[in-house]
Structures are given as C-alpha cells and as structure tokens.
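According to Swiss-Prot, the protein carries these features:
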type	residues	note
BINDING	2-19, D29, K34, T83, T118, E145, K263, R327	NAD(+) binding site
BINDING	F142, L143, R144, E145, K204, Y249, N250, N251, P252, S253, G257, M319, K320, D402	substrate binding site
ACT_SITE	C260	active site, nucleophile
Amino acid sequence: MKIAVAGSGYVGLSLGVLLSLQNEVTIVDILPSKVDKINNGLSPIQDEYIEYYLKSKQLSIKATLDSKAAYKEAELVIIATPTNYNSRINYFDTQHVETVIKEVLSVNSHATLIIKSTIPIGFITEMRQKFQTDRIIFSPEFLRESKALYDNLYPSRIIVSCEENDSPKVKADAEKFALLLKSAAKKNNVPVLIMGASEAEAVKLFANTYLALRVAYFNELDTYAESRKLNSHMIIQGISYDDRIGMHYNNPSFGYGGYCLPKDTKQLLANYNNIPQTLIEAIVSSNNVRKSYIAKQIINVLKEQESPVKVVGVYRLIMKSNSDNFRESAIKDVIDILKSKDIKIIIYEPMLNKLESEDQSVLVNDLENFKKQANIIVTNRYDNELQDVKNKVYSRDIFGRD
C-alpha cells in the first residue's frame, strides 16, 4: 500500500518508519535538511529506535519536498503536522492540518486522510462539513518523545475514528489502518477501538490531562513536604505501593511541560466552555503555582549564599532525560521568573550553540566552567555528571527518572 505522511516530527516519522516495514511510505516535509537526512538513513530527531530502524532495517521509505506528487499517488494520507496552542484565541492552531487537507483533496479523489495531530474536540466533524467529504478520520497518538517508535511497536491501544453513516470505503480504510498498526506492532493482543471522531478526540485530550493531573498531584505533595520539612520520597513511596495508585508517573518535577501536556490541558479547558468544571482549570493553575514555588525556593537558597555575586546555573533546558526537545519546558518559565528578579542566569545546554537574541542569560557549554561559575545549580532531572558538585544542586528529582 502507498502511504504518504505529512510531517516528520516524532509522530509522523515514527509512524512512517513503522508502516514502511510492510508498505511503501513517502514522508513529506518542508525542510530540505530533514528530507536529506531521512533519505540518507539518518533520523532528524532523537529517538533510539527510529535511528536504529533507519540504519539497519529493510524499509520502503523515502522523504520528499514535493507534497502534491506524494499525495496524488497515496491510498492513505497520514497528517502529523504541528498544532501549537494559540494563547491569543485559547485554541489549537490547526492551520497546518487544514492546509494539508485542502492540498490532498485537490490532487487525490480517493485517499482517506488520517489525522494524527492532536486536535480540538469536534474538529473532524467541522472539517468534514467544510470540505464536504467523509474521507477525513482521526487516530489519536499516545507516544512519548524520544520513544515514539517503541511506543508504536508496543502500543497500549489503537484507536481509529469512524461514523455509522460513513461510506463503505471509509469504514474499510479505518479498519485497514487499525490493522496496519496492529500487524506492525510487536506486542500481542493490542486492544483496537473504533469509535466516533469526537469520542476519539476526547480520549486524547482527557488522557493527557489525566497525566498532567498526576504530575500536578505529586508536585503539590512535594511542595507540601518540602515546606513542612517532611521526607517527600517516603511519602510518595508509601502512597504509590497502593496498586490503585501505582509506582509510576509519580516523580516530582518543576512542573509538567513538553509539547503535549501544556497545550492539551489548555485546549480541553477551552473545550469545556460553559460546561461546569473545576478540576481541569485547577490542573492548569496548579502547574503555574508549582513553577512559581520552585523559583521562590531557588531565590531562598540564593539568599543563604555568602557570595556577593549570585549566579544561578541551569543544567539543561530539555524537559525529559534523553530528549532533544525544549518546547514548553517548565524550567524556561522558572528562568523567566528568576530573571524578573534581576538574578543572573547561566545555562548549560550542549544541544544549543546560542540562545535567542533577546535572552539575557549566558550560555556556558563548558561543563567544568559552568560548575565553577554557578552559586547554585538548578536541574529538573538529576544527572550523575553533577555528582562532584552535588552540594550546589537544587532539584526535586527524587527517583532519578522521568
């Protein structure tokens, strides 16, 4: 089967690699550098499994800048373009998705379009009405950055949307796509759910909001424990051994961040509109309170320093260990709060060559020099290369994992 994938981020590329084991896949992107890397067997993103599969597996995959040619020949078109949250309108920016839909429909009269981008509840219905076609369906992704292909190989569940009154072809394509994902997976007995588009859209947003809820819950627990000088580690262990709660997703942090949780929680809150709720709004608020609290704690530690020059060293901007993503990283908001107090910031981030021009922080990518300059080293996730300056480190990373 010929499949086109719009977007070579961690969602699009992981799906492209997965499906190219048994199908002919063309990845479409607007960046020549990404296209060149993929065509040379290199991954443009950090993902151990994607890197290995591109290098070592027999894949039928290519990348192109020629979107129309790719879409024209495809039987299925997977759309995995960004949908960033627009704080001005309090809604996802879906213009890239809509642009691809319009382009595909203009050159291809038979392909079914499968949206993998995270979208607002009701978006598929809106697009079907706008473009007067039922050939647009949704399949939510449940992937972790840097582990996207692994999560496609070992999925927790597969969800594809389909409506009762859809044409036989669209129904067949929805089932076919679910089967493609299931047959490519290494995990046995993966649950497959076919449901309405709005229900599938809701699953994605509510699932991520629940994960944000867990992060916020354990962060508030940690705030209480630190404020009362209690052992946060022991409290969390004591709670988490309850099977109903579980010893997972319970490690305190500076706040949830990354590409998905911040925008998905805000979008779900926007979708509620006039529907009664308090919890969803509280999750978003809790995350902001946590970041403010962390900044305050750092300032308090600085005040105890005898040095006349106060320098905060930020160790890594990445949100998670082994990630290459800084988007919506909680530490960036903490930095902004500290800078508003005229505190000098130096940053160690080896994945950056320079900071944005308006950033008043200083990039120090010589680790030993960074350690010497900083009065206090702040890190969301602890790394063993800080072991020799452990007495300088402020982190709420209790379990040494994400």
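Quick reminder: no glycine exception, Cβ is built from N, Cα and C everywhere.
With N250 (substrate binding site) as the anchor, the candidate recorded positions are K2, Y10, C260, and the one with the nearest CA is C260. The DSSP secondary structure for Y10 (NAD(+) binding site) is helix. Cβ neighbour density within 10 Å is lowest for R144 among the binding-site residues R144, K204, K320, R327.
Spatially, by CA atoms, the binding-site residues Y10, L18, T83 include one closest to K320 (substrate binding site), and that is Y10. Sequence-distant neighbours of K2 (NAD(+) binding site): residues of the same chain at least 6 apart with a C-beta under 8 Å from its C-beta are N23, E24, T26, E73, A74, E75, L76. For L18 (NAD(+) binding site), the nearest neighbour among the listed recorded positions (F142, G257, C260), judged by C-alpha distance, is F142. Cα-Cα distance from T83 (NAD(+) binding site) to the residue listed as 'active site, nucleophile': 10 Å (rounded to the nearest whole number).
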